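Below is one structure, written out as structure tokens; the observations come after it.
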Ligand code: IPM
Ligand code: MG
């Protein structure tokens, strides 16, 4: 099994080193091949997603991705910025189904900014559509406003678009995910204002006919943002578009105490996938050895489960992470009164030991 290892920028290489260490400790024969991506790709060959990196990602059975981005690339034209690497991989490989679980580990309820009774035992899954919406909709651009109150003024424009088949395929993924959980699916949209959302809602209702065992409800995105902090445990699976999902998944992540704990999977229709922590490249702490590698390690576990069919090894990694938390190991982002703060390598070593 070939795994493309793309560490990226900022804390990417540090957290990836720990995930690779954990994978190597499983005693399986994986072929791991590393390639530069993001700012590192730009430095290596003038593009955030170098041709060779894309090729490797296409060939591999799965992709393990660190994080991309650094302030020093903010002035580059958009097409050359590190973020284009992840957007390009999602688009080129048609990774349309993004799974972002938000689980509050019992040892970390104290690390959440919410009251413990609101978040303890939290286990929700956000299914975010990843190939469409305003992220990729054409036309887009900068121009002189052709009409309106400020005609002639400089304006930026983007297009929010969803086709019915696009909504349908993510709907199926979300319903099937709900079937494996509490069988409650909340579809989040803005159907009171947007046409794309109306189509989204109508399509969800139509697909629901094939999943009589799943309870479908609908929620406007503003209300969903509020309910997520008011009563997050009322949710089971949330399905939403690319833009709303970007925002809500960060919000959901923070309920758990730290975005540093949350893995994610982006899958195509054959369950080939890219696995990455839900957090970014954190350039402010890069190279200091303090970043939390657990989200990347848990992403490797998701990869074993969803793309490589190694459920038992995935379980082993997840149990090892739980054990390390029980033992009181913490990185700074998940520091709690009863734990001891260690560095990136130390917590990675603790996971290997627990394995
Ligand atoms: C995410 C990130 C990306 C996104 C950025 C880096 C392009 O925020 O994966 O949530 O907006 O999708
Ligand atoms: Mg985001």
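Start at 1 and count along the chain as shown; that gives each residue its number.
Every residue, even glycine, has its Cβ placed from backbone N, Cα and C.
Bear in mind that TrEMBL entries carry predicted annotations, made automatically and left uncurated.
Keep in mind the model is a prediction, meaning the values are calculated, not measured.
Residues or ranges marked as substrate binding site in TrEMBL: 90, 100, 128, 222. If you look up TrEMBL, you'll see 222, 246, 250 marked as Mg(2+) binding site. Look at TrEMBL and you will find 280, 281, 282, 283, 284, 285, 286, 287, 288, 289, 290, 291, 292 tagged as NAD(+) binding site. Residues or ranges marked as domain 'Isopropylmalate dehydrogenase-like' in TrEMBL: 2-351. According to TrEMBL, the site 'Important for catalysis' annotation covers 135, 190.
Here the features listed in TrEMBL are painted onto the structure.
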residue : record                         : Cβ contacts under 8 Å, 6 or more apart
90      : substrate binding site         : 96, 130, 131, 266, 274
128     : substrate binding site         : 98, 100, 239, 240, 241, 242, 245, 246, 249
135     : site 'Important for catalysis' : 87, 242, 243
190     : site 'Important for catalysis' : 197, 220, 221, 222, 244
250     : Mg(2+) binding site            : 259, 278
280     : NAD(+) binding site            : 10, 67, 69
282     : NAD(+) binding site            : 10, 11, 67, 291
284     : NAD(+) binding site            : none
288     : NAD(+) binding site            : none
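Selection of the binding-site residues 246, 250, 286 by a Cβ distance under 6 Å from ligand 1 yields, in sequence order, 246. When each of the binding-site residues 222, 246 is scored by how many other Cβ atoms sit within 10 Å of its Cβ, 222 comes out lowest. According to DSSP, residue 90 (substrate binding site) sits within a helical segment.
In sequence order, 15, 258, 260, 261, 331, 332, 333, 334, 344, 347 make up the list of same-chain residues 6 or more apart from residue 292 (NAD(+) binding site) whose Cβ falls under 8 Å from its Cβ. For ligand 2, the nearby binding-site residues are 246; that is, of 222, 246, 292, these have a C-beta under 6 Å from one of its atoms. Taking the centroid of the Cβ atoms of 222, 246, 250 as the Mg(2+) site, the other same-chain residues with Cβ within 8 Å of it are 221, 225, 243, 244, 245, 247, 248, 249, 251.
As a whole-number mean, the pLDDT of the domain 'Isopropylmalate dehydrogenase-like' (2-351) in this prediction is 96. Per the record's binding annotation for substrate, residues 90, 100, 128, 222 show a top Cα-Cα distance of 26 Å. Put simply, the two farthest-apart Cα atoms among 280, 281, 282, 283, 284, 285, 286, 287, 288, 289, 290, 291, 292, the recorded binders of NAD(+), are 16 Å from each other.
Annotation for residue 290 (NAD(+) binding site): same-chain Cβ neighbours under 8 Å, separated by at least 6 residues, are 331, 332, 343, 344.
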